C-alpha cells in the first residue's frame, strides 16, 4: 500500500519514459497477475487438505488438528504487518516479494517432504516409525509458509498499482478486478501439485523484473502512525495530574511533537479501527470452513453420481459462489434494495455477519442429521470390542453377560461396550481377562487353540480404509495400485489401514512361491473393513470373508451447500463492503494502516476459535456450532448499535481544511490525496458506481 512518500513517487512516474504496453496496459502487470494466481493456487491447495493431513497422517485428533490449523491461519494474517514495514522501510516491494517468496517456496517443499512416510519407514509397513521427525518438519514448513505468504500479502497488489501512470486510472481499476479474479481462480482449482506451482510463480515474477516500475522505500506510514499514537499516550500519562487542562481528544496530547494534520488523520483512522473491534468474531466462523466443516464432510457421502467429491474439495464451493455473487450483489441486489431504503455500508456489514451466523445454524442442523447415522463410539471411560472367529468351526463366546455364536471365519455384527475390563469365556478352562484402553474400539481375533489376538485401532471415525487380517499360515505380500503401497503379513497379523479413495480398490495378494490373487473391494465414504484371509484360502479363490467395522456414510455432502451459500453471501456483503467503507472514511495516506488493522481482525478471529473451542469443551459438535452462531449474533447486535451512532465523514474535506489554515501544506496535501471518486459524504449517500483506483485495490480482495 503506497505511503505518502510512495504516493509522491507514483506522481513522479508521469515524467518517466512510458513503459511497454499491451492494449493500454503495462506489460509488467501480466507477470504480476500470473504470480498472484500461482501463489493463491499454492496456498489454498495446501490449506484445503491441511486438517486432513493432521488427522490421518500425523494422527492428531480433530480438536488438536483444528487448534494447529487456526494457529497457522492466524500467523498468516499477523505477518503482513512485518512484510509491509520491511517493504516500505528497507527493501522495497520487489525485493520483499522475491526474498519472502523464496522462504515461501522452501516452506512448501519442507511440507511436501514431511508427508513422505518412507523417510522414517524402516520396516516398510507404510507407517512412519519416527512421527516426531515428521511433526517437527511439518511445523517448520508451516512457519516458513506463514512468513512467506503473509509477508508478500500487502506488497503484491500495491506493487501492481505502482506499474500504472497517472493517466491510466481506468486500466488500474480493471487490473484490480482481474487481480481479484486471479485470487479466486487460484483458490478454485488448487491441487496437490502446489510445491511445483509456487516455484513457477517465483520464476514468472522474477522474469518480469526488467519491466517493473520499482519505487524506492521511503518510510512506512504504519511506523509513523504507531509513533504518533505512542507519543500521545505517553504524553497524556505524564500530564495525568488535574493541574493540567484537559484536551478535546486524547490524541491532542501529541501536538507537542506532531503537526495537527497528521493528528487529525490519525483520529480518523482510530475512529474506523474502533469499529473493527467486533469484527474478529465474523472471521472466527468464516475460517472454520477449512477445519470443522471439512471434518464434517468426512462423515458425509460425496458420491454425486458421475462426480465424486472429496471432503476437502467441498471448500471450492466458496470461490465458485464468490465469482457468481459479487457481480450479482453489485448489479442487482444493492440497486434494488437502495430503492426501498438507505442500505448504508455499516448496515450491509451487519447483514453479512447475520448471514454467517445463519450458516452455522445450518451447519448445526446438518450435524444433527449426521449424528443420527454415525455409530455410537465409546466414552472416555469405556472400550468397545468386535470379535472375529478365525477357527474353521462354530464358536460360542461369552463376554461378561454377552453370549455370541459365530460361524467359521465369521465376525460379530456389532460392537459390544465394556467398562475398561471384562472376562472372556471360550469353553472349559478357556478363560481370559481382557483389559481395554479407555475410549478405544478393538477387534479381537480368536485363532486355533483359543489364542487371543487383540487388534486395537483409534476411536476416530475413519474414511474409506480397508485392512487385511492374515490367517493363511504363511507370509503374504499385499499391494494396492502399485508396489509403493505394500505390506507383508505374517500369520495372524493385521495390516495397518490403507488410505484409499472411495470406489473400487484393487488389491494384489502374493505369497513367497509366486502365487498371485487379485481382490477388489467397493469402498463407500466413511466405510472401514477388516478383510479376512482364512487358513482355507487358496490362490485363485476370491477373498470373501470380511468384517464391516463401519458402514458407509449415508447423509449426502450436498446438504453442506446451503451453509456454504449463506457463509459466502455473508463474506461478499461483509468483507467487500467493510473494506470499501473503511477506506472511504480514512485519509488516503493511511490506507496501509487500515489494511493492517483489517488483516489483524482475521488473525484475532482465528485465535478466538482456539479460545472458544478449548474453553467450551462441548460434547456435541452441533452444540459448538450453535455456540459460535450465538456469539456472532450477540456481536452483530453490538456492531449494529455502534453503527447506528457512527457519523460518516469526508476525510478529503477535513484534510483540505487543514491545508487552508496552513498554506505551506497545500502542496503536501496535493501529494497526499489520492483520487476519491467513491467517498461516503453523508449517512444517506449511496455508493457511486465508480470507485477510486486505490479503493479498487483493496475492496476487490475478499480473500486478501
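Start at 1 and count along the chain as shown; that gives each residue its number.
Glycine is treated like the rest: Cβ placed from N, Cα and C.
Feature transmembrane segment, per TrEMBL, maps to range 64-85 of the set 42-63, 64-85. Transmembrane segment is the annotation TrEMBL gives to one range among 239-260, 349-370, 371-392, and that range is 349-370.
Range 173-190 is the one annotated as transmembrane segment, of 173-190, 299-316 (source: TrEMBL).
When the stretches 64-85, 131-152, 268-286, 349-370, 592-613 are ranked by Cβ pairs under 8 Å to the transmembrane segment (625-646), first place goes to 349-370. Highlighted: of the candidate stretches 64-85, 131-152, 320-337, 349-370, 64-85 has the greatest count of Cβ pairs under 8 Å to the transmembrane segment (592-613).
Beyond the ends of the transmembrane segment (349-370), by six or more residues, the same chain brings 281-282, 285-286, 292-293, 296, 299-300, 555, 559-560, 562-564, 566-567, 569-575, 577-578, 581, 620-623, 625-626, 628-630, 632-633, 635-636, 639-640, 643 to within a C-beta distance below 8 angstroms of the stretch.
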